[in-house]
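Here's what Swiss-Prot has on this protein:
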type    : residues                       : note
ZN_FING : 30-80                          : zinc finger
ZN_FING : 137-184                        : zinc finger
ZN_FING : 190-232                        : zinc finger
BINDING : Cys195, His198, Cys218, His224 : Zn(2+) binding site
COILED  : 233-301                        : coiled coil
DOMAIN  : 340-399                        : domain 'COS'
DOMAIN  : 398-531                        : domain 'Fibronectin type-III'
DOMAIN  : 516-709                        : domain 'B30.2/SPRY'
Amino acid sequence: MGESPASVVLNASGGLFSLKMETLESELTCPICLELFEDPLLLPCAHSLCFSCAHRILVSSCSSGESIEPITAFQCPTCRYVISLNHRGLDGLKRNVTLQNIIDRFQKASVSGPNSPSESRRERTYRPTTAMSSERIACQFCEQDPPRDAVKTCITCEVSYCDRCLRATHPNKKPFTSHRLVEPVPDTHLRGITCLDHENEKVNMYCVSDDQLICALCKLVGRHRDHQVASLNDRFEKLKQTLEMNLTNLVKRNSELENQMAKLIQICQQVEVNTAMHEAKLMEECDELVEIIQQRKQMIAVKIKETKVMKLRKLAQQVANCRQCLERSTVLINQAEHILKENDQARFLQSAKNIAERVAMATASSQVLIPDINFNDAFENFALDFSREKKLLEGLDYLTAPNPPSIREELCTASHDTITVHWISDDEFSISSYELQYTIFTGQANFISKSWCSWGLWPEIRKCKEAVSCSRLAGAPRGLYNSVDSWMIVPNIKQNHYTVHGLQSGTRYIFIVKAINQAGSRNSEPTRLKTNSQPFKLDPKMTHKKLKISNDGLQMEKDESSLKKSHTPERFSGTGCYGAAGNIFIDSGCHYWEVVMGSSTWYAIGIAYKSAPKNEWIGKNASSWVFSRCNSNFVVRHNNKEMLVDVPPHLKRLGVLLDYDNNMLSFYDPANSLHLHTFDVTFILPVCPTFTIWNKSLMILSGLPAPDFIDYPERQECNCRPQESPYVSGMKTCH
């Protein structure tokens with residue numbers, strides 16, 4: 001049920017009364033002891049001070065054992081006014097009787113009851129301490145053992161009492177009615193912190209100069225009197241806020257460290273797993289090598305045995321043949337020696353003729369009778385040389401990812417739609433292939449944080465974990481180029497160079513080369529390369545009849561005698577503007593060209609939509625933007641509005657930078673590396689380079705790379721003056 005209106009009004013009035021009483025109590029508090037004034041003195045400066053507190057001030061100013069009688073002055077603790085004392089000392093000061101009466105009435109109004117303003121304030125003051133103290137607090141006045149539990153703590157007495165002792169020691173009469181009673185608190189929290197220099201004083205302010213807790217006497221008469229001090233509450237709030245902020249940062253840092261430690265532990269576990277896998281793989285590979293060696297050993301041993309058997313068989317046959325020949329020769333020799341012993345000539349002649357023929361025949365045919373024997377075939381030409389294999393075995397090691405290649409920017413070349421990238425690597429023998437990755441340079445957005453990819457620099461397709469683009473990789477078209485977001489990938493390159501075709505003209509690209517082998521891959525540092533601008537020539541079909549175009553289509557000259565050209569809707573036809581246009585329409589990329597004006601003093605150079613009027617000077621409509629000169633005046637013009645441009649003297653060449661993608665058209669003085677002006681244009685149609693002259697000639701240099709002093713797409717200061725051209729009203733004379 002809701003409260004009655006009377007109780008609501010009563011509660012509201014009670015709260016208002018409590019607020020007023022709290023405010024009054026702060027006015028009745030001594031600045032030294034921070035308690036209600038007791039026997040207050042009225043100082044000449046109109047402030048008040050407890051008699052005992054004033055006495056402590058005088059005592060603190062004396063040396064040890066010295067009397068306070070010689071002291072004739074002290075400072076007011078509130079306003080620092082010097083209070084002079086007569087021969088009576090403190091007794092010579094007036095008592096503030098009115099203040100004492102107010103304090104007595106205030107104490108009567110705040111006696112007993114938790115809703116009294118003083119009680120509420122005291123409870124709030126000690127509530128945090130009470131909340132923190134959940135232990136049992138015993139009565140400090142009980143004589144029995146063990147003492148009873150305390151029900152109240154007297155702040156004035158600095159003692160905790162049980163209910164019986166509280167009634168006995170604090171009757172409802174003066175001076176006990178002014179004692180502050182709170183819920184029981186530990187004695188350590190009750191007494192608070194005392195001053196280091198004044199042992200009987202509690203700290204109640206903070207010295208900022210010394211970064212130290214002090215009491216009021218330290219500020220009045222102590223060594224902190226000239227120091228900057230602050231209230232405990234202000235210092236408490238400031239330090240608490242700082243500590244909370246630092247604690248928040250520390251907790252955040254700890255959380256980050258915990259995450260990093262978890263990742264490190266995960267990596268350690270992965271190292272253990274990978275190490276075990278590599279060790280098992282090592283044993284497997286070495287066992288296979290040992291098996292291969294054993295097999296080759298057995299095979300070579302068999303071959304040696306077979307060769308031995310074959311050679312011994314052949315030699316045994318040769319020995320048998322030699323033995324047979326030897327036996328035959330021995331028989332013939334014996335027969336011949338026997339005939340030679342015959343002394344009878346007739347018998348000798350009869351027998352020797354046959355023997356002599358046989359010996360002569362045996363001697364003549366000795367080469368035929370003795371078999372062909374190879375004495376060098378002793379199995380000496382066979383050798384076992386495993387030195388090459390030993391070196392290979394000695395070089396056995398685990399394969400690591402190749403060193404990152406390096407793009408040779410000085411060797412790279414470009415046209416308006418191609419870039420040839422060259423790179424080198426000091427680890428070519430361990431590289432199985434290269435992979436070329438490239439994308440249009442858009443600034444720091446090309447470099448993705450680790451939250452996208454575990455390798456920090458996108459793309460590392462093979463080892464990417466959390467990149468959102470990985471879901472698109474599965475559906476990417478197969479072929480030479482695989483697109484992941486805006487990156488293009490050219491895989492399986494075997495050479496140290498590659499030419500990329502089909503690029504945008506005048507555009508910067510980021511290139512990364514990845515060296516790959518079975519152990520992994522490593523990227524080169526990203527390199528920025530840019531294509532040249534789109535080359536163009538002057539289109540004869542759009543050229544004014546009174547202009548002459550050179551054979552190479554790069555120079556235009558005023559020629560009054562050239563009137564043979566037929567009129568077409570595309571041709572410039574104004575009577576005061578002799579215009580020409582390039583033979584291209586640009587709808588993307590960044591393009592740069594230069595125009596050599598020579599001695600021409602009347603011209604306009606810029607761009608225009610195809611729909612721009614052909615019978616007036618370019619820049620006088622909303623479809624064209626130009627840089628123009630009329631004699632000594634240089635202006636930029638669009639939609640018939642002009643601004644003067646400060647141009648260096650003798651401007652002979654003008655640089656034009658069209659950044660279609662960033663909606664900018666800029667003009668430069670390339671000879672002095674000076675930026676002249678930039679148009680901010682929201683292009684909605686393709687644009688065409690456009691030129692108009694009134695005298696002399698112009699020459700176009702197209703397909704150029706942007707000079708190094710132009711760091712597009714950053715904006716540069718221009719030399720325009722935002723005021724009307726002095727000859728705007730007389731524009732007809734220029735046209």
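Note that the numbers count up from 1, one per residue, in the order the chain is shown.
Using N, Cα and C of the backbone, Cβ positions are placed for all residues, glycine too.
Structure coloured by features recorded in Swiss-Prot.
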residue : record              : DSSP class
Cys195  : Zn(2+) binding site : coil
Cys218  : Zn(2+) binding site : helix
His224  : Zn(2+) binding site : coil
Cβ contacts under 8 Å made by the zinc finger (190-232) with residues that lie 6+ beyond its boundaries
31-32, 34, 56-57, 60-61, 74-75, 77, 153, 155, 158, 160
Counting across all protein chains present, how many other Cβ atoms fall within 10 Å of the Cβ of His224 (Zn(2+) binding site)?
22
Where among the binding-site residues Cys195, Cys218 do you find the Cβ with the fewest other Cβ atoms within 10 Å?
Cys195
Neighbours of the Zn(2+) site Cys195, His198, Cys218, His224: Cβ within 8 Å of the Cβ centroid, same chain, sequence order.
Leu196, Asp197, Glu201, Val203, Ile214, Cys215, Ala216, Leu217, Lys219, Gly222
Give, as a single whole number between 0 and 100, the mean pLDDT over the domain 'COS' (340-399).
78
10 Å Cβ neighbour count around His198 (Zn(2+) binding site)?
19
